[in-house]
Amino acid sequence: MNRVPSNKMALESTTSNKRETVCIFGTGDFGRALAHKLIQCGYAVVFGSRSTQLSSLIPKDAEVFSHAEAAQKASIIIIAIQRQHYNFLSPLAENLHGKVLVDISNNLKINQYPESNAEYLAHIVPGAKIVKAFNTVSAWALQTGIVDASRQVFVCGNDTEAKQMVMDIVRSLCLSPLDQGALSAAREIENYPLQLFPMWKFPIFLSLVLTTFFFFYCLILDVIYPYVNDNKDFSFFIAISIANQICPILALILLSLVYLPGVLAATIQLYRGTKYCRFPDWLDKWMLCRKQLGLVALAFASLHVLYTLVTPIRSFIRWRISGQTISQALNNKTEELDMTNAWLSDSYLALGILGFFLFILLGITSLPSVSNSVNWREFRFVQSNLGYLTLVFCTAHTLVYGGKWFLSPSSYRWYLPNAYMLSLIVPCIVLVVKFVLIFPCLDKPLTRIRQGWERKPQYSE
C-alpha cells in the first residue's frame, strides 16, 4: 500500500479548502469586517471601490479594483453601501447582468421607503439576481466573534439557486441561515433590526402602569393618611419602605400573569372542545411575552431582596428598636417571646427564600444557552410544574406576612385595603383555577383535546 507524505496531504487539504471569489462593493466597516471573515473561511475577496488605492484598513489578502473590474471577477457581489448611493449601479447594469447581488442595507426608521431596499435594487439592476441577507449581523459581531444572539441570518430572494449560494456562504461563516421566502419578505427583514425590544413593550408598559398605581396607593396609605390624621411626617418612607412594598407586589402579580394566560387557554379549549381554533389575538400576544413578564418579575423580586437586606441598618428601624429597649428598661419589664409570631416570622422568611430560589431557577432555564441544552419535557417540567410551585411559595409568603390584615379594621385606612391584599387577587385566581383544572374530570378531556380529539369534529370520517 502506497503512503502519501504528510506534507503533500496537508498541501492537498489546503488547496481543496479554497473557495470561490466573492466581490464586495463598499469598503466601510461592515464590508471590511465581512471580508476579513470570508478570508478566514477560505474565500478570495475583491473590493469594488471608487478609489483603487490600497488602504491599511483593507484586509491584506483582499484586492481592490474599480466597480466594473471587480464585478467581472466574481459571480456573487455583496452590496455593502447605503440605499441612497445605489444610483452608481445603473451604468454597471451590463456588468452585473446574471450576477447574484446581496443587499445587506438597513434604514434609519421602520418603513422609511415605499419599497424595500432589496426591491429598489432589483428595479435599478433588473438583470441581476437579488438576495437579501446579512442585514441582521453587525460589523462588531463579525470582528469580535459570532455570539448566539447574532447567529441567525435572514435570507430571501426570488431566485432559488442564487439564494442557496448565499445560504452556503452564511453557513461557511458559522452562521445559521433562515430562508424567509421570496424577495417580498425583504421589507419585514429590513424592519427587524430597527425594532427596539418588540417583545418587551407590553411587560415594561404594564410594569410602569402597576408601579405608578401602587406607588400612589401606598403613598396615600403610609404617608398622606398619617400626616392628615395624626400629623406625623413619614415622607422618608418613599425611599425604602414604599419601594420595598411595590417590588414584592409587582413580582407576585407579574409572576401570576405569566401563568394566567395558560389557564385561560385551557379553559377556552375545554369550552370549545377543540384545539383547532385560534385563540383571540390579545391572548396570543400575551402568551408570546410570558418569558419577558417572568424576567421583569424576577428583577422586582431581586430588588425586594436587596431592600430587605438593608432594612436593619435604616435609622428608623434602629430608632424604633432602641426605643423599645429603653421602654423595657424603664418599666423594668422584659417582653416574653411570642411563639406564634416567631413561627409566622420564620415561616414567612422560609417561604420567601424557597420562592426566590425557584424564581432564580426559572430565570436561568429561560436563557437560550440553558434552554437549548434540555429537552422539551425537562423544560416544561421546570417552567410549568416548578413555576406553579414558585407561585404557591410566593403567594404563601405574602399570605403569611399580611394575612392578619384581612381581619384587622385598622388595616382599612380610609376604607382602602392594604396593598398586599390587592397583590393576592390575581395569584389566588390563577392557583384556584389551576387546582380545578387538575381534577381528572377536566384534566382527561383537556389532554385528549390537546392530542387532537374534538367534541364536535368539523369533518367526520
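Glycine too: its Cβ is placed from the backbone N, Cα and C atoms.
TrEMBL entries are annotated by machine, without manual review.
Noted in TrEMBL for the protein shown:
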DOMAIN    21-107  domain 'Pyrroline-5-carboxylate reductase catalytic N-terminal'
TRANSMEM  204-228  transmembrane segment
TRANSMEM  248-271  transmembrane segment
DOMAIN    249-382  domain 'Ferric oxidoreductase'
TRANSMEM  292-310  transmembrane segment
TRANSMEM  347-365  transmembrane segment
TRANSMEM  386-407  transmembrane segment
TRANSMEM  419-442  transmembrane segment
Report summary line: Under 8 Å Cβ-Cβ from the transmembrane segment (347-365), and at least six residues away from its ends along the same chain, one finds 251, 255, 294-295, 297-298, 301, 305, 371, 374, 379, 382-383, 386-387, 389-390, 393-394, 396-397, 400-401
Report task. Summarise the model confidence on the domain 'Pyrroline-5-carboxylate reductase catalytic N-terminal' (21-107) as a single mean pLDDT, whole number. Result -> 90
Query raised in the report: Going along the chain, which residues at least six beyond the ends of the transmembrane segment (386-407) come within the CB cut-off of under 8 Å?
Result: 248, 251-252, 255-256, 258-259, 301, 344, 347-348, 351-352, 354-355, 358-359, 361-362, 417-418, 420-421, 423-424, 427-428, 430-431, 434
Query - Tertiary contacts of the transmembrane segment (204-228), as residues 6+ beyond its ends and Cβ separation under 8 Å - result: 197, 234-235, 237-238, 241-242, 245-246, 249-250, 253-254, 257, 293, 296, 300, 413-414, 416, 418-419, 422
**Report entry** Secondary structure tally of the domain 'Ferric oxidoreductase' (249-382) (DSSP, helix then strand then coil)
**Finding:** 110 helix, 0 strand, 24 coil
